[in-house]
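**Q** OK, Swiss-Prot features for this one:
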DOMAIN    3-167  domain 'EngA-type G 1'
BINDING   9-16, 56-60, 119-122  GTP 1 binding site
DOMAIN    181-354  domain 'EngA-type G 2'
BINDING   187-194, 234-238, 299-302  GTP 2 binding site
DOMAIN    355-439  domain 'KH-like'
Amino acid sequence: MKPVIALVGRPNVGKSTLFNRLTRSRDALVADIPGLTRDRHYGEGRVGDRPFIAIDTGGFEPVAKEGIVAEMAKQTRQAVVEADVVIFIVDGRLGLAPQDRVIADYLRKTGRRILLAVNKAEGMRYTAVASDFYELGLGDPAAISAAHGDGVNDLVAEALDLAFAERPELAEAADAHDHGTRIAIVGRPNVGKSTLVNALIGEERVIAFDMPGTTRDAIYVDFERNGKPYTLIDTAGLRKRGKVFEAIEKFSVVKTLQSIADANVVVLILDAQQDISDQDAHIAGFIVESGRALVIGVNKWDGLTGHARDRIKHDMERKLQFLSFANVHYISAKERTGIGALMKSVDAAYAAAMVKLPTPKLTRVLMEAVEYQQPRRAGVSRPKLRYAHQGGSNPPIVVIHGNALSNIPETYRRFLEGRFREAFQLKGTPLRIEFRTNKNPYAQSND
């Protein structure tokens, strides 16, 4: 089990910059905007041969009573509960702030091991940096620069020493970490993605706030359901330009697309109370282009009239007909209805994406399809399909060999896809078909 280090501090002291350095990633969005990190955000890091999990938190304001600031404070408190060691980050350039004292008072009461890190200390004498912060009563401050890396490795090494001293059992299996099936939950803003995550894992792990754009970053959550391991990827909602900060918008879209590429199965969440938009179709198109297994969840289904339900079904058939391979579930994430069936489809889609297709059966299905309907003649000769084998998985790829296959019509490719899907029960995954024309051994060479 890997030790857990939580990064805590008031807004804009450099928590996300330190998180990104520790995890060698750009997983946490970084910009000079207080409150940018709103959820607990997890990443993996390593110092020497010792791996650990880092938690980036939103700006901590313990006395906040309402609104999203209070939700961020709640997330930070949960991160502290999960952590073996807390690194409390303060700003060396701005000096000690009243809010730092409030946070220090809270942390002392938690019983967690606390390390005090004075960030943005590059170019400053240690005595000048540390003097202000001794009064917090948290021991000797560590002077660091998260942006440049100064002092960071020593700080984390000390945190790990504390963690292993506190819990020796951590050393027994530090590298054991089974992520299970990776599920990306994607969709436009405010369709219920975070509510679905919370329903699946049974705790308020991701803020589900009635405000579009609350979840700005991709968040990875390991959990088990019926004894099976999964990792949920809750992504920033894709949205039209102009509704959020431009820099964040561009990066969030990229993060969502990267999360789709990182997943085994994508759950596309649609809002039953809104029409299917071009944006929904674009997200769906990227999922298919990425070759990812897919399950569709139509959320907020409870309370809709029969007419409204018929309307959304017709809208889906018209605008998302290219997703006919995916199972559709009508759910209420808030009321937690339909989620069990959706997860069964996730398992089935993953199994279909990873299926092994024996060459003899593939070839037999191909020959039966050709016998039922031959491809149309193209030019002088009719295409001759000879045999098929599997060329890959996730998604499954069927490679068909033969002669004169360069002009196989798209309609015939779809016909073959349907035959293969039916024969192997491939529901929930895209299926790729590649045609390869055999070289004629009697053709004369120009050499």
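Quick reminder: no glycine exception, Cβ is built from N, Cα and C everywhere.
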**Q** Validating a neighbour-count step here. Other CB atoms within 10 A of the CB of Asn190 (GTP 2 binding site): how many?
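**A** Excluding its own Cβ, Asn190 (GTP 2 binding site) sees 19 Cβ atoms within 10 Å.
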**Q** Using C-alpha atoms only, work out the spacing between Asn12 (GTP 1 binding site) and Trp301 (GTP 2 binding site) and round it to an integer in Å.
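**A** A Cα-Cα distance of 40 Å.
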**Q** Summarise the domain 'KH-like' (355-439) as counts of helix, strand and coil residues per DSSP.
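**A** Tallied per class, the domain 'KH-like' (355-439) gives 29 helix, 24 strand, 32 coil.
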**Q** Using a 10 Å radius around each Cβ and all protein chains in view, which of these binding-site residues has the most neighbours: Asn12, Thr57?
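**A** Answer by Cβ density within 10 Å: Thr57.
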**Q** Identify, among the binding-site residues Lys15, Lys193, the residue whose Cβ has the fewest other Cβ atoms within 10 Å in this structure.
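**A** If we count Cβ atoms within 10 Å for the binding-site residues Lys15, Lys193, the smallest count is at Lys193.
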**Q** About how far apart, in whole Å, are the alpha carbons (Cα) of Trp301 (GTP 2 binding site) and Lys15 (GTP 1 binding site)?
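**A** Just about 39 Å between their Cα atoms.
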**Q** Give the three-state DSSP assignment (helix, strand or coil) for Asn12 (GTP 1 binding site).
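**A** Going by the DSSP assignment, Asn12 (GTP 1 binding site) belongs to neither helix nor strand, so it counts as coil.
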**Q** Looking only at C-alpha atoms, tell me how far Thr57 (GTP 1 binding site) is from Gly187 (GTP 2 binding site), rounded to the nearest Å.
**A** 24
**Q** Using DSSP reduced to three states, classify Lys193 (GTP 2 binding site) as helix, strand or coil.
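**A** The residue in question, Lys193 (GTP 2 binding site), is helix (DSSP, three-state).
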**Q** Taking the Cβ of Trp301 (GTP 2 binding site) as the centre, count every other Cβ atom within 10 Å, in any protein chain shown.
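**A** Total other Cβ atoms inside 10 Å, all chains included: 21.
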